[in-house]
Amino acid sequence: MRTWVLLLAAGSGTRLATAGLPDAKQFLPLHGAPLYWASARTMAHVAGIEGIVFVFPPHRVEEERARISALDDGSVLGLDWHVVGGGAARQDSVACGLAALPRSCEAVLVHDAARPFASPALVARVLSALHDGHAGVVPGIPLTDTVKETTDGFVANTPDRSRLVAVQTPQGFTLKALSTAHETARTAGWNVTDDAALLERCGIPVRIVAGEVVNAKITTPEDLAMLDANEPQVTVPCVGWGYDVHRYGEGRPMKLGGVLIPEGPEVVAHSDGDVLLHALADALLGCIGAGDIGLHFPDSDAAFDNANSAMLLDRVLHMTHEARLRLTHVDLTIVAQVPKLSPWRDKIRANVARLLDLPVTSVNFKATTEEGLGFTGEKRGIKAIAAVTGLRPMP
């Protein structure tokens, strides 16, 4: 299902303006970029997403288009993207985003830019439920507080908390269902606070999937503490080194850096055998002192049989994010007599940069041989070496 994201960043930030902030919340800085960029990077880590439509206040469209072009230098996102102006209300902004989607789009994720901490796993959960055939999907978390309905300042009713969830974004929809719901809302004059409510009113079932407590929305001045908590103040450099080997033989088609190498020999492996991503994952784990991939994804576990190495790398990246590692550079080397990799060098480099959310200029890829010596020279296998550098918060 061809899926795009509507990243809503068109709000005026009225509640935060009362705190004297000079800009709306979606433009506040986080990790050296505007808040909305964190969500864009998250979406880029999820397989199956083809592009993003950024929806900004109309007067910010050109400014933010230029800013995204600078941030995406070297195709950091690895996705198509467009920038459009929003409307006076949230529904209007979603409608503006829908109008900018390509004709090939079949499904859409609607996400609030003020939720910068949604994880790739959460996005993938929503996307998976869409692929299962649901027309609408929303993440939700159980309520921990008792909720009261009030009238004129007095308690009127206490709903059963066990039947309530607090919903979040991204919310996923088939394009047909969401477009129909918005058209019906315009005709009927409905005004709701999220897109799932439009489907409800149209009688279209909406599936709930597990949300994340950390996926909080930056709304009030008190919420700004979450941004401060995600900005390490003092960092120290760190280095990680990774090494992996696979032998040739009947097994898996060769993949390097997530790129299929059709002329390469098959490799014997428990997972999909991407020796380059395995070495890279080990190097990343080394940077944060978290062991190696054999510890986290043992070959004795059937769950990882033919596992997608890009998925394993994404799990490792989640660990590095939790450790607040800021990756700065990656240097990768393949040692193999065959196949010849020069035709694939740029594609491998670009894909690794996309997976790591780094500029291509921060990823180096080399291929060499051992001049006919050893098992690689005898065309019996392949080696990969990875070195990564980064910055971590000072202990």
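In case you wondered, yes, glycine gets a Cβ from its N, Cα and C as well.
Among the candidates HIS278, HIS296, the residue that Swiss-Prot names alongside ASP244, HIS246 for the divalent metal cation site is HIS278.
Around the Cβ of LYS217 (site 'Positions MEP for the nucleophilic attack'), 16 further Cβ atoms fall within 10 Å across all displayed protein chains. Most other Cβ atoms within 10 A: among the recorded positions LYS25, HIS246, that distinction falls to LYS25. Spacing of LYS25 (site 'Transition state stabilizer') relative to LYS217 (site 'Positions MEP for the nucleophilic attack') is 10 Å (Cα to Cα, whole number). Looking only at the recorded positions LYS217, HIS278, THR369, the one with its C-alpha closest to PRO298 (4-CDP-2-C-methyl-D-erythritol 2-phosphate binding site) is HIS278.
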